[in-house]
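Here's what Swiss-Prot has on this protein:
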- 76, 114, 115, 116, 165, 166, 167, 168, 169, 288, 289, 290, 291, 297: substrate binding site (BINDING)
- 1-22: coiled coil (COILED)
- 490-507: compositional bias 'Polar residues' (COMPBIAS)
- 255: phosphoserine (MOD_RES)
- 548-556: motif 'RPA1-binding motif 2' (MOTIF)
């Protein structure tokens, strides 16, 4: 008995000694003294769509992050939490330092860049100078095309360069200005970088940047100082925060040497000697994963840090650390709605439609002025149309903007100007309808200067149940279930007979047995299993290499 007790006591002493040397990580708990701290929400998902559905059904202000699991396999799991709780663990836990912000589709966002080139393939390239010239060029484009004033002091400059690769992230911190979404950011950059893209298509080797011991030959003069005018290259200047170029004139003017800026410094070579742009134009896609400040790619040691030549400094606060301020500034989709916020748009060059699109009826027909389509929630669009189609007035949706952090849809209304503040219609100023999907309410605001000065906001009115997110998700799930039941029913009646949709494709009998549907289900199930295994083996399991306490043990201790 004594021996057992002594052995037990020894185990306890060893465990106590271990935790004295390596104490358990503290747990995030919002404090009453800081009411701005959100409640704890920490959910992991194997699929990105599941994570976004949870965010949309959650009342709290939560966001989606992607976490790399294993080296080389590209698998990621998705974390949903608040910025505050994420930063609480992120700043101290090594197994979280391979994270990405998921930039939500259709969400208002900041202007951002991913810059890189191979150092051995470009021995004369001066990366710092290239970044400075690019920032100056983009600032001039923003000023001429949109009337937005900015400088290098408004650009957060992050670096993760190695001996092999120069790598930077730039995130513009524009004052009361953001882009409609990252697709519009990509359109804007493709237009202003067209002269550099033209160089890539040139067969003349002389057009490629020559490298010398002092850098590229064109570094002596910034392109923004060469007398170049964007208004000449792009035939229409910004009107009401949007602009569209005439493609024929663009080609004609783009071919004129005197009207094109010298962007040869943006053309670099890869390790195969092929030309490509210093600016990665592939990062402006739906639900893009963009690496976080202080994160490295899994298997790599170099994280994104603030550069020595960074000129942006966040506003200091007594309650918030500088590091947390930099983190919040680095988030591309961290944009809040305000009455003074301007939304910039840019349509692709091949789009011949001009102007802002608005819906002219509750039906499906769309009258296009600028080429915008439905919001992410068409049911909400139709509800808003019902609000502005009454009393003999046929109002429309001039445009919409989606603010992901608040799950807020902001509709600019046209042809309907009735304002609750003055009890009548404005003579010349339009109104806005704002739909708060988290709180399931809608309200009206104004573009009228007097209403803006009063910070007018109408009473909140409840949304109809059929346009609330929980109802929409339930309806979607029921539709998916019914579709699956119908498929199983058809297979039960005659498992060897192809459905009409399959017959319409002209598939043979052999093709029916190997039509790819079972394979799709099999691949999906396999992917789920692999993701679950990856999550279990990497993020959720004990990592002996970094010698951290596993999440399960923390939860077990808290429960005890």
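Backbone N, Cα and C define each Cβ position, glycine as well.
Location within the structure of each feature annotated in Swiss-Prot.
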residue : record                 : contacts (Cβ under 8 Å, 6+ apart)
76      : substrate binding site : 66, 67, 68, 69, 100, 289
115     : substrate binding site : 130, 131, 134, 166, 167, 168, 169, 170, 278, 279, 280
165     : substrate binding site : 116, 117, 118, 119
291     : substrate binding site : 99, 100, 101, 160, 169, 297, 304
C-beta crowding around residue 289 (substrate binding site), within 10 angstroms: 19
Overall pLDDT of the coiled coil (1-22), taken as the mean: 80
Among 167, 169, the one of these binding-site residues whose Cβ has the fewest neighbouring Cβ atoms within 10 Å: 167
